[in-house]
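Engineer: In case it's useful when we look at the structure, here is the feature table from Swiss-Prot:
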DISULFID  256-289  disulfide bond
CARBOHYD  89  N-linked glycosylation site
CARBOHYD  215  N-linked glycosylation site
CARBOHYD  246  N-linked glycosylation site
CARBOHYD  259  N-linked glycosylation site
REPEAT    113-132  repeat 'LRR 1'
REPEAT    133-156  repeat 'LRR 2'
REPEAT    157-180  repeat 'LRR 3'
REPEAT    181-200  repeat 'LRR 4'
REPEAT    227-247  repeat 'LRR 6'
REPEAT    248-278  repeat 'LRR 7'
SIGNAL    1-19  signal peptide
């Protein structure tokens, strides 16, 4: 009877007992009030409190998701795909590497080893003192308005056939200080051609190389390995520099016309032949058509 009364009193006071807040509860405690039913009730309540207040949160904080092979492959493909391999000509845009100003492109001393892609409106290219070894037809295929090219101080030893064939407006071509052994076919409207300080020999210049260049005024072929003066030099020439080659002789037809004693070549202002083995004094008839004698050795 006393036991029954005690049990009833406990049931009456249980609703008045409030559990501590979740932050103050010890989730490991199981309240035991001396009866199996009460123990089970409080154990269930504690379990629910743990599940609702802490378990889900803790699981979110510590959950580690291990993707299967398929999802990992998708993630790899979409988020960490490696960059494609760099192409041979995949370089920095020309106008970032060089300076582009109103149709002029300045690529001087930037260590390029090939002609960079040029803006289509380019008229002047200065690519001096680089490491360019070869010029090809595709370098200028889509740049028809070029008027001046300057490749001074490169390593050019080969110029592909047809490289300048589409440059009908080109007026000045400078290939000084390179490694050339021969000359390419030159565009017809050239007024200046400069190929000094190369390794050009006479056999590297075809007989008709200069013949049709009716606008050519300035020709610089000094400091090469020429054994003779190039043939068929155009009447338009004003300045001819051939000093410091290996020229050993000249003829009456080199600058004049042996069969026409009245012929005067009045446009030529300067011919330089010093530094060659030839003795100009031995060929007096070679200069009778000139207003000024060539510079060189006469004795």
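Heads up, the Cβ atoms here are built off N, Cα and C, so glycines get one too.
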Engineer: Neighbour count, 10 Å Cβ-Cβ cut-off, for residue 259 (N-linked glycosylation site): what number do you get?
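Structural biologist: The answer is 8.
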Engineer: Across the repeat 'LRR 2' (133-156), what does the mean pLDDT come to, as a whole number?
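Structural biologist: Looking only at the repeat 'LRR 2' (133-156), pLDDT averages out to 97.
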Engineer: Any idea what the Cα distance is from residue 215 (N-linked glycosylation site) over to residue 259 (N-linked glycosylation site), rounded to a whole Å?
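Structural biologist: The Cα atom of residue 215 (N-linked glycosylation site) is 25 Å away from the Cα atom of residue 259 (N-linked glycosylation site).
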Engineer: Measure from the CA atom of residue 246 (N-linked glycosylation site) to the CA atom of residue 289 (disulfide bond) and give the result in Å, rounded to a whole number.
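Structural biologist: Rounded to the nearest whole number, the Cα-Cα distance is 24 Å.
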Engineer: If one looks at the chain holding residue 246 (N-linked glycosylation site), which residues at least 6 apart in sequence have a CB under 8 angstroms from its CB?
Structural biologist: 225, 226, 227, 276, 277
Engineer: Do any residues, 6 or more residues outside the repeat 'LRR 1' (113-132), come within under 8 Å Cβ-to-Cβ of it, and if so which ones?
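Structural biologist: Same-chain contacts beyond the ends: 89, 91, 94-95, 97-98, 100, 103-107, 139-140, 142-143, 145-156.
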Engineer: Starting from the Cβ of residue 215 (N-linked glycosylation site), draw a 10 Å sphere and report how many other Cβ atoms land inside it.
Structural biologist: 12
